[in-house]
Amino acid sequence: MIVIIDYDTGNTKSISKALDFIGLQNKISSNKTEILQADGVILPGVGAYPEAMQELIRRGLDVTLKEIAVLRKPILGVCLGMQLLLESSNEHVFTRGLGLIPGYAEKLPDEPKFVIPHMGWNQLENKRITPLTKKVDGEYVYYVHSYYANCPPEYIIATSGYSVEIPGMINNGHIYGAQFHPEKSGQIGLEILKGFKEVIRSCKSSLQ
């Protein structure tokens, strides 16, 4: 069972439908017990970083997510959810994140040829083979964002070109992030979610 974390900041229903489509049992929940009992967790997110982080803290879900990480259960952050996995963001004001992946979120450079927000389809380049990235090289995925993850290169597993090289996917052990929306990215998005399913299966086996 995957729990999609509900904190009133995210596209939970579309992620749930995508998981249903690939036959992955899931539930949308903010209940801490249900989250801790899950085999894996997806942290969605749209909107502004400070408000999203504040809402996680208000509900105590920041602590729950860190407990999930300690339990070595897989986590996938999507869009803003990926940025929340980082150490901090400078969106509007400096805000500490969950600190589960090294790096911070900063605004995309404002250059005449590149519109902000970065919205639409962009091509992925695979930087490291993982269960989530094994089929992504050269594929197009759907982005909507104005901030990006500034991470050490060893945590970046796929990128897209824009005004900077955007980390499209990041990874730290059993914790993954996708800056784009897998649930809106057609067949390749489903393949990425299948890869997360593979990670869950592997982690579950190693913990038994």
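Placed from the backbone N, Cα and C atoms, the Cβ positions cover glycine too.
The following features are taken from Swiss-Prot:
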type	residues	note
DOMAIN	1-206	domain 'Glutamine amidotransferase type-1'
ACT_SITE	CYS79	active site, nucleophile
ACT_SITE	HIS181	active site
ACT_SITE	GLU183	active site
Across the domain 'Glutamine amidotransferase type-1' (1-206), average pLDDT on the 0 to 100 scale:
96
Taking the Cβ of HIS181 (active site) as reference, which residues of that chain separated by at least 6 in sequence fall under 8 Å from it?
ASN11, SER14, VAL78, CYS79, VAL141, TYR142, TYR143, VAL144, GLY189
Cβ atoms near GLU183 (active site) (within 10 Å, other residues, all chains):
26
For CYS79 (active site, nucleophile), list the number of other Cβ atoms lying within 10 Å of its Cβ atom.
26
